[in-house]
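Have a look at the structure below before the remarks.
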Amino acid sequence: MSNSRNNRVMVEGVGARVVRGPDWKWGKQDGGEGHVGTVRSFESPEEVVVVWDNGTAANYRCSGAYDLRILDSAPTGIKHDGTMCDTCRQQPIIGIRWKCAECTNYDLCTVCYHGDKHHLRHRFYRITTPGSERVLLESRRKSKKITARGIFAGARVVRGVDWQWEDQDGGNGRRGKVTEIQDWSASSPHSAAYVLWDNGAKNLYRVGFEGMSDLKCVQDAKGGSFYRDHCPVLGEQNGNRNPGGLQIGDLVNIDLDLEIVQSLQHGHGGWTDGMFETLTTTGTVCGIDEDHDIVVQYPSGNRWTFNPAVLTKANIVRSGDAAQGAEGGTSQFQVGDLVQVCYDLERIKLLQRGHGEWAEAMLPTLGKVGRVQQIYSDSDLKVEVCGTSWTYNPAAVSKVASAGSAISNASGERLSQLLKKLFETQESGDLNEELVKAAANGDVAKVEDLLKRPDVDVNGQCAGHTAMQAASQNGHVDILKLLLKQNVDVEAEDKDGDRAVHHAAFGDEGAVIEVLHRGSADLNARNKRRQTPLHIAVNKGHLQVVKTLLDFGCHPSLQDSEGDTPLHDAISKKRDDILAVLLEAGADVTITNNNGFNALHHAALRGNPSAMRVLLSKLPRPWIVDEKKDDGYTALHLAALNNHVEVAELLVHQGNANLDIQNVNQQTALHLAVERQHTQIVRLLVRAGAKLDIQDKDGDTPLHEALRHHTLSQLRQLQDMQDVGKVDAAWEPSKNTLIMGLGTQGAEKKSAASIACFLAANGADLSIRNKKGQSPLDLCPDPNLCKALAKCHKEKVSGQVGSRSPSMISNDSETLEECMVCSDMKRDTLFGPCGHIATCSLCSPRVKKCLICKEQVQSRTKIEECVVCSDKKAAVLFQPCGHMCACENCANLMKKCVQCRAVVERRVPFIMCCGGKSSEDATDDISSGNIPVLQKDKDNTNVNADVQKLQQQLQDIKEQTMCPVCLDRLKNMIFLCGHGTCQLCGDRMSECPICRKAIERRILLY
């Protein structure tokens, strides 16, 4: 590997952590001064790709102009063997070495140097790589210090561009918090971040290791301060020279006797017979290895490694420069000199190593004449040739004599014409570049001057952008007005199809959008991803720009290439404020994206309760809450499937969602919740009145699903136990017992069994058979669970609390009065707000959720004696106030709670608060419940007829308003023939699907 390659990988290496440099001109792409990024790769010798911690990735200059500084090169793995940081004792120092210039043998690592260790008045040498030149710096006491920001401890992050860890974070868009910056490996310090995700998972992720960026910060954190001007500039070539004076590209000879050469070669590559060619031939230095031995290439193509003491730099005389040689350390060229590039492709490739490197784009410059623009400190030349600028090894070019000297007048005239043509072209390009740069920087005076020039192109581009686009993104309204007076093309597109209005939306420039609107810019313009400016403003979170666009009539519901509307994007970005603004502007909730999700589906899928709350509060038509996807899933199905409890609660209680809608597999939301063992969703749906006996396409009810899941989990556990070791004969008699007892082991089994019991206790039919002829009990091999299910179902159906024997009641009462935690003390603590009594006062502080209903415990009240008679303990819960302050005898006499004076609407006995049933209340409930049930059955006939009528009317309305092509979305685009479709289908058509006339114009409906 050549020395330049070593330096580029290590000094300017992949993985280095960087900040903006001295020639930075890219605004806030990095997030602002002090924000940190990671070197990802090198596009060319002059361009480096950086991924900033905020997620932005772009190319930056690292030759000629320097956009970046290296904050910390430790992640690249560069190490200074034999050194030690005298403060933190890191050994060896990895990254940049800082050596005190005033103390003997005192070194610091990067962290300690910027952390103000050692004397601040002392000056230091900066040593970027082993063997590189030492750079003397000013004392830190006199230098400017700024704060680093990005992915540091405390930052909030999401997955980044190199994420490959599946759903460790809980899913795309889920957030986590960086707790510490750590080492990904021992040889790559500070190259990883330890993250605690919001879902509770935690792990180490790459931030710099091999250029990888697993994370992107959504809320940066401070990472300490650093001395900006002391950080090396990324791309400066300080390390290409060898201590012996040789550098890559130098021509060398061997002038010593054979015996001496052979002696010097010991330990430096040795000597072989094939090396005799080197004694009489000039070679070219093509590399310098880690031991500072020199790798030389010869015309034969062979490469040999030499001790530097063997080689002598060749003294080459150029044509047109007979009096000057290449030695002496001073350049033979001056700025403005005309030079001719070498014709030999292979030779120039070799010479360019370590001198700007070779790029295929340089091919047109071979043999061409150019002008020296700049001479670097290492004598490399920046040459303007063929309309571009390249860095060349001085050995790769030769001076061109003037027209009045050695060459003929005719040749001089031809050369003059060539150069004139060359630089006229370059001047024209520079003029457009200056205009774009001046517009981007807000330089009104310069823009005015440039616009007065007749040869300026007001629509000319620099780096793919026009002056209009640059001014729009940076908010320079005065320049926009100047450009509009020059009849600038406001609809000009960049390589991504973005127009000026897109750039204004990206830059959060509402005033610019107002100016562009007055200039007749299309606010609904689409880029190559079919995004409108509104899409971009929503994605960037620019609320004011969103309002401005909508105020000026921007369509709120156009779809991008993925079918997403701005509503979808606002939900994904969790911007409820923007979501509300879009809905106020009439954004269509029913439009579905390419995956079939409308806004409600999307919010349910994402588990975004705040967005769901906003959507439900502003639904234009209440039945939209039950809209189905192509697969029959409603928003409630999606919430149940993904265990988004808050979203499901909103859909049930606020949206009044139909609980019994079936998907294409005829599954209800309850089927899905039971199948996935989502206990809270099951409880919610059952208590809200979901039907328990609806059958899916296989004839299974939710109870079938629960018991099948329970049995399968038992079999899996049995298989696991058998995998550990063979079951011997002694186990055979008890195998059935083992299977039956598995139901009590493991949370998964408990969950399935408890769901089954809950369904049975709420009236699920145990006798319904599926298409295989199986009842729920046929799927349950556990006799104990079967008995429990039968008992729960029987109690629900017959209300047999009153028929139970006194001994059973007595035993049940004793059990119900025991603390559910310790079983030693009696229950004496009332949980609020649920009103259950589950533990004693000693155990209650340890309980976060009620052990009976699983609701969050917000208050704990110890049950004292009756406040009226003081003879017995309080034993009746008053509703709705939730106080328990009187015994049974006294409570029956009260019409108001003696504690809060609220009217008592219901009295709940102590035993019911413990999870049991009161015989008295059970009888009352049954007797009072019979008549409404019968009445409800009578009413159902009339209700069903009304519902069928309304459904038919709704179907008629849908046929009139739905797109005739996809039958999913509302018509919102009309053609000149009078027919219409939805916007997504209309964009893809060239003729009307109804009358087959060619589509001349598409008109969007508002």
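Glycine is treated like the rest: Cβ placed from N, Cα and C.
Taken straight from Swiss-Prot:
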- 80-132: zinc finger (ZN_FING)
- Cys85, Cys88, Cys109, Cys112: Zn(2+) 1 binding site (BINDING)
- Cys100, Cys103, His118, His122: Zn(2+) 2 binding site (BINDING)
- 143-221: domain 'MIB/HERC2 2' (DOMAIN)
- Ser408: phosphoserine (MOD_RES)
- 430-460: repeat 'ANK 1' (REPEAT)
- 463-492: repeat 'ANK 2' (REPEAT)
- 496-525: repeat 'ANK 3' (REPEAT)
- 529-558: repeat 'ANK 4' (REPEAT)
- 562-591: repeat 'ANK 5' (REPEAT)
- 595-627: repeat 'ANK 6' (REPEAT)
- 631-661: repeat 'ANK 7' (REPEAT)
- 665-694: repeat 'ANK 8' (REPEAT)
- 698-729: repeat 'ANK 9' (REPEAT)
- 819-854: zinc finger (ZN_FING)
- 866-901: zinc finger (ZN_FING)
- 935-962: coiled coil (COILED)
- 963-996: zinc finger (ZN_FING)
Check the Cα-Cα distances from Cys112 (Zn(2+) 1 binding site) to the binding-site residues Cys100, Cys103, His118, His122 and tell me which is shortest.
His118
Which chain-mates of Cys100 (Zn(2+) 2 binding site) that are at least 6 residues away have a CB under 8 A from its CB, listed by sequence?
Tyr106, Asp107, Leu108, His118, His122, Arg123, Phe124, Tyr125
State the three-class DSSP label for Cys100 (Zn(2+) 2 binding site), counting H, G and I as helix, E and B as strand, and everything else as coil.
strand
Environment of Cys100, Cys103, His118, His122, the listed Zn(2+) 2 site - residues of the same chain whose CB lies within 8 A of the CB centroid:
Ala101, Glu102, Tyr106, His119, Phe124
Which has the fewest other Cβ atoms within 10 Å: Cys109, Cys112, the binding-site residues listed?
Cys112
Using Cβ atoms only, which residues of the same chain lie under 8 Å from Cys85 (Zn(2+) 1 binding site) while being at least 6 residues apart in sequence?
Gln91, Ile93, Asp107, Leu108, Cys109, Cys112
Same-chain residues near the zinc finger (866-901), Cβ under 8 Å, at least 6 residues beyond its ends:
828, 830, 832-833, 835, 907-910, 913
Close approaches to the repeat 'ANK 4' (529-558) from elsewhere in its chain (Cβ under 8 angstroms; 6 or more beyond its ends):
496-497, 501-502, 504-506, 508-510, 513-514, 517, 523, 564-567, 569-570, 573, 575, 577-578, 581-582, 585-588, 591, 972, 983, 987, 1004, 1006
Sort out the sequence-distant neighbours of Cys103 (Zn(2+) 2 binding site) for me: same chain, 6+ apart, CB within less than 8 Å of its CB, listed by position.
His118, His122
Assigned element (helix, strand, coil) containing Cys112 (Zn(2+) 1 binding site), judged by DSSP:
helix
Residues close to Zn(2+) 1 site centre defined by Cys85, Cys88, Cys109, Cys112, Cβ within 8 Å:
Asp86, Thr87, Arg89, Gln90, Ile93, Asp107, Leu108, Thr110, Val111, Tyr113, Lys117
In terms of Cβ proximity under 8 Å, which residues at least six beyond the ends of the repeat 'ANK 6' (595-627) contact it?
173, 563, 565, 567-568, 570-572, 574, 576, 579-580, 583-584, 587, 589, 633-636, 638-639, 642, 644, 646-647, 650-651, 654-658, 661, 954, 968
Surrounding CB atoms that lie within 10 Å of the CB of His122 (Zn(2+) 2 binding site), all protein chains:
14
Per DSSP, what is the helix/strand/coil residue tally across the repeat 'ANK 8' (665-694)?
16 helix, 0 strand, 14 coil
